[in-house]
Amino acid sequence: MAMDISLFFIFLVIYAPLVSYADESQAEIDALTAFKLNLHDPLGALTSWDPSTPAAPCDWRGVGCTNHRVTEIRLPRLQLSGRISDRISGLRMLRKLSLRSNSFNGTIPTSLAYCTRLLSVFLQYNSLSGKLPPAMRNLTSLEVFNVAGNRLSGEIPVGLPSSLQFLDISSNTFSGQIPSGLANLTQLQLLNLSYNQLTGEIPASLGNLQSLQYLWLDFNLLQGTLPSAISNCSSLVHLSASENEIGGVIPAAYGALPKLEVLSLSNNNFSGTVPFSLFCNTSLTIVQLGFNAFSDIVRPETTANCRTGLQVLDLQENRISGRFPLWLTNILSLKNLDVSGNLFSGEIPPDIGNLKRLEELKLANNSLTGEIPVEIKQCGSLDVLDFEGNSLKGQIPEFLGYMKALKVLSLGRNSFSGYVPSSMVNLQQLERLNLGENNLNGSFPVELMALTSLSELDLSGNRFSGAVPVSISNLSNLSFLNLSGNGFSGEIPASVGNLFKLTALDLSKQNMSGEVPVELSGLPNVQVIALQGNNFSGVVPEGFSSLVSLRYVNLSSNSFSGEIPQTFGFLRLLVSLSLSDNHISGSIPPEIGNCSALEVLELRSNRLMGHIPADLSRLPRLKVLDLGQNNLSGEIPPEISQSSSLNSLSLDHNHLSGVIPGSFSGLSNLTKMDLSVNNLTGEIPASLALISSNLVYFNVSSNNLKGEIPASLGSRINNTSEFSGNTELCGKPLNRRCESSTAEGKKKKRKMILMIVMAAIGAFLLSLFCCFYVYTLLKWRKKLKQQSTTGEKKRSPGRTSAGSRVRSSTSRSSTENGEPKLVMFNNKITLAETIEATRQFDEENVLSRTRYGLLFKANYNDGMVLSIRRLPNGSLLNENLFKKEAEVLGKVKHRNITVLRGYYAGPPDLRLLVYDYMPNGNLSTLLQEASHQDGHVLNWPMRHLIALGIARGLGFLHQSNMVHGDIKPQNVLFDADFEAHISDFGLDRLTIRSPSRSAVTANTIGTLGYVSPEATLSGEITRESDIYSFGIVLLEILTGKRPVMFTQDEDIVKWVKKQLQRGQVTELLEPGLLELDPESSEWEEFLLGIKVGLLCTATDPLDRPTMSDVVFMLEGCRVGPDVPSSADPTSQPSPA
């Protein structure tokens, strides 16, 4: 018996732990399985999470164990989405949880507080919402908690674990005050509360955090003053509270913090003096105090004992006055000094040459005088020298040309005179040169033609003369050229057309003449062309219509003639068009109404005639419309009132007739209206009194107006001259009383009563007529229905003739031997061969299913393989119309679209389309496979070629006046050479009866995640909606993120922008692109691709580029042998 009891206890000792271990392991497996079931896993990252594996769960991806218990979960950047399961509380031994950079949503589960052994939690850059759970206080071992970049809200909980060392809740929407209880986190080393909506003051109790090294409070709504107690944080290394509303002075004690390296307090309301202690700290290297209201810097009694390591000092845009602080020149460690936008006066001290490590010196927008001291040449490392907006004088020093490290030299808005020194030729690294608004003279400085790195050149507002040299084309990197306000003469050199990077060209207010060279129409990126105030002649350049990026055109005050080109209507991004003071004739082209971004249209003082086109009402953003001093006639179109943004309307000195439209009362933003010197008649509409009090100028003089001036209008406009020249006009402010107004009023009243009586009688007679008509119609329909019923009964024996009609139709579409044949553009294939090749349209041969039917793989006996699309039964398009549309569609050919090779149309309602077979599937499958193989199958060059191929194909469709309507990865197919082909285009033509193609029903506007916002709202597809869809596909190619992975509040576009704003560029990289070197050209090309994607997905359709622009940008994004030319748009040879 004793032996049995002993054996029993031995059994318990040996097997009880094993049973306990098995139970705990199973509980952890169950918890992780529940966690997985909550998630969407597009990359299949959790496929290894199988309970049947030998060491489950310790051999699962991302799961770490210690002594067979789960202690770590690491699943970053795997595109996981869904809620974090409450069952995670079953992992009682968990020490580290890392789910960062995914798409988790919902709230942080309260049950996480049961994982009491947690040391670190990384949940940053997800889409989590709600509040921080108060139960977090139970995580008594927690050291790191990072939830940055989510959508968390509410107040910061008071009871956070006192064990915390790193707390980052930045980039959320937390509100309320910073809790003083944070002072209890005595082990805290990093506290990041930036980019939230926190209010109130910074609690002084934070000064108790002796271990705190990093305190970031930027971009909140904090007020009050900086607490002096923060100076007790003796371990503080980085203190940043920029972009708040903090005021008062900076405590001098901050300068005594022994380890402080960075102090950033810019964009606040600080005032008073800057304490000198900040410049006497050996550890402090960066001080940023710009955009405040400081009035002075405390001047030291002596700097003998002052040692500092300061490298960056930013005091820009304050109110500091007096002479430049001489003692600053003793801070020999300075690399960046910015005191621009202050009130400094006097001369620049020669001692500034002591700062030999200086790389950036910005003294712009002060009141400095004198000459540039020669000692500055001792600062040999300077790459930015900005003295713009002062009162410096003398000649530009020759020695500046020998400071070869200079990249930015800005001396504009001073009083420099003389010539540009020839030594400038040595500044080969110079990128920006601003010498505008000085008194420089001579001819165009030819020395500048050697500065091939220049991207911006401003010589405006000087006294240069002579011709603009042809050699200006040497500046091939130039994007901004401003030569306005000089005395240049001669013609614009045609070589300017070679400056392909030019975005702004300003040659205004000169003595230039001749015609505008046609080469200017070949500048692909130009947005601004300003040629006003010269003597240019010839016709208005029609070639400008091809400059799709053009936003501002000013050709006023020249001698241009001819008509306004109708093709200007293609300039959809045009914001301002000014052609005033020329000799332009003809009529105003109604096509201008297509320039939907137009805000300013100035055509004054020309020879325009004809009517004012009502199409101008289609300009919703129009603010200034000036058509004065022309020969326009006809009535003022009342539709102009639809341009509700209009604030200035000038139609004076024309031959306009008719009345002033009463609808003008809807122009609530109008401040000026000039209708003087015309032939307008009638009264001034009383409704114009409804125009807001913003109206300060109203001129209707010299017309044929009559009646009383509306009282409220007359009291607001007191100048009699603005109503003069209208002999029958009376009332204020004119000195003419409206004496007959009472009698006329009675006459009008009697006339009104008579009209009301007549209208009532007419309405009664009309209602009688309608009743009689309806009665007659109903009686006629009843009789017709009886006749048709009788006829049907008589014809019923003939119903079987339908079969004979089908057979007859079949014989007409057969070959000579009677077998139906497919219409092929390059080959002969019979229907029987096709049915056999698809195995009777067997389910196993289905390649894809869309709303346009099934796509089958067809294997013919001769080895040829094609794709056959069978359109849905019941197609409403009749046979003849289907054939006509298919013939047209078969002529649409390009190397990057799936070309229609043939078709079949015959009874019973069978419609087939023949395409080349694409053996390498579609883009959606390819991206999914790439993610499973860590992306190595899709490197950067291949992704770029795919994107470029799609862009070329879509661009060709748009040039062919076709809109796709459903651009998505599933509709991008790949041939044997992995060339991209766009499929499923033009099929609406073959399935919709209506000849109108402009309106598309809501179920055909595209695919969720890829369809543009405006297409979703309007139900209409356009080129712009295609471009938006392409942008989404491009971002998916580059980032590997599928649009459907995101929540309703955040889409892929917002996600990409958020990562860029945070500087988290690596988060955008698809796993296969992680090997890109940030210093390589491929990295830059990738970023350019991202920018193209964001341009295509702009919220306003008018801000999106055309597909030809996209192709141009993508071709320029990667230049090399791996980018084939797009010059050959023809399709590739087909096996069919």
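Note: Cβ is positioned from N, Cα and C throughout, glycine not excepted.
Residue-level annotations in Swiss-Prot identify, among Asn669, Asn718, Asn669 as N-linked glycosylation site.
Cross-referencing Asn679, Asn873 with Swiss-Prot, the residue annotated as N-linked glycosylation site turns out to be Asn679. Of Asn138, Asn922, the one with N-linked glycosylation site in Swiss-Prot is Asn138, while the others lack that note in the record, though it may still apply to them. A separation of roughly 28 Å, to the nearest angstrom, links the Cα atoms of Asn365 (N-linked glycosylation site) and Asn477 (N-linked glycosylation site). Here the repeat 'LRR 15' (429-452) has long-range neighbours at 383, 388, 396, 404-423, 458-469, 471-472, 474-477, 482, 485, 488, meaning same-chain residues at least 6 beyond its ends whose C-beta is under 8 angstroms from one of its own. Remote same-chain residues near the repeat 'LRR 16' (453-479) are listed as 412, 428-446, 485-496, 498-504, 506-507, 512, 525 (criterion: CB distance under 8 Å, separation of at least six residues from the stretch ends). Counting in whole angstrom, Asn474 (N-linked glycosylation site) lies 16 from Asn482 (N-linked glycosylation site) by their C-alpha atoms.
Secondary structure of the repeat 'LRR 16' (453-479) per DSSP, as helix, strand and coil residue counts: 5 helix, 8 strand, 14 coil. Of Asn138, Asn441, Asn477, Asn594, Asn679, all annotated as glycosylation sites, the residue with the shortest Cα distance to Asn535 (N-linked glycosylation site) is Asn441. Cα spacing between Asn679 (N-linked glycosylation site) and Asn477 (N-linked glycosylation site): 54 Å, rounded to the nearest whole number. Annotated pair Asn511 (N-linked glycosylation site) and Asn441 (N-linked glycosylation site), C-alpha to C-alpha distance, rounded: 15 Å. Sequence-distant neighbours of Asn192 (N-linked glycosylation site) (same chain, six or more apart, CB under 8 Å from its CB) are Ala148, Leu167, Asp168, Ile169, Ser170, Tyr214, Trp216, listed in sequence order.
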